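S.K.: Take this structure, written in structure tokens, and hold onto it; I'll ask about it next.
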């Protein structure tokens, strides 16, 4: 396999759609991976499929996980309400170890594909404070990936790429628009209904709306 391949985590939201477009612009053959992990906002899976089709990825996988069997998050446990006001500390929408689990499965697929690059749309500027979105986490996972895999041990190192890490939400929107991302296809809301309409109140909705406003770009989000 000689082409330039990348595995990209695609949630169906604004950030991950932007990352797919950026990777494609860099000449990568894009293989996207989404997760049906018991999240309450399952409309994002439909959004991920739409984005994958629109951006012409080579293959799109949806992996089933039962993270709601663990619970501990407002996104996987319906007995915990999604907060609709900003709070302090790490919010209850944090899903324990989610990005570690997702990246581990992406790493496995990348090794099978002989891809050396894995992209993730984490951000540490306009974000909710999740610990697994920080640069330190990304760097640590890359070190682990190259210790834990046959490819890494044999010197065919993996790179975990987080191109949005230091961008504001407005800069992310502008980058996506420059690459032709159709943000009307995406779903960011933690409480999106089955049609992908947003609540307009959760932290993810606030960050998204503020990003479009600051970027001077019309927000295509539909609300219920």
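Glycine residues also receive a Cβ, built from the backbone N, Cα and C atoms like all the rest.
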S.K.: According to Swiss-Prot, 199, 202, 205 bind Zn(2+); which one of 133, 189 is listed for that same site?
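M.R.: For Zn(2+), Swiss-Prot names 199, 202, 205; of 133, 189, the listed one is 189.
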S.K.: Using the centroid of the Cβ atoms of 189, 199, 202, 205 as reference, list every other same-chain residue with Cβ within 8 Å of it (recorded Zn(2+) site), in sequence order.
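M.R.: What remains near the Cβ centre is 82, 188, 190, 191, 192, 198, 200, 201, 203, 204, 206.
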S.K.: Translate the DSSP assignment of residue 18 (ATP binding site) into the three-state scheme.
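M.R.: Reduced to three states, the DSSP call for residue 18 (ATP binding site) is helix.
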S.K.: If one measures from the C-alpha of residue 202 (Zn(2+) binding site) to the C-alpha of residue 12 (ATP binding site), what distance in angstrom results, rounded to a whole number?
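M.R.: Between the Cα atoms of residue 202 (Zn(2+) binding site) and residue 12 (ATP binding site), the distance comes to 17 Å.
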S.K.: Taking the Cβ of residue 199 (Zn(2+) binding site) as the centre, count every other Cβ atom within 10 Å, in any protein chain shown.
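M.R.: Other Cβ atoms within 10 Å of residue 199 (Zn(2+) binding site): 17.
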S.K.: Within the chain of residue 14 (ATP binding site), which residues six or more apart in sequence place their C-beta under 8 angstroms from its C-beta?
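M.R.: Counting only residues 6 or more apart in sequence, the Cβ neighbours of residue 14 (ATP binding site) under 8 Å are 169, 172, 173, 176, 183, 186, 188, 208, 211.
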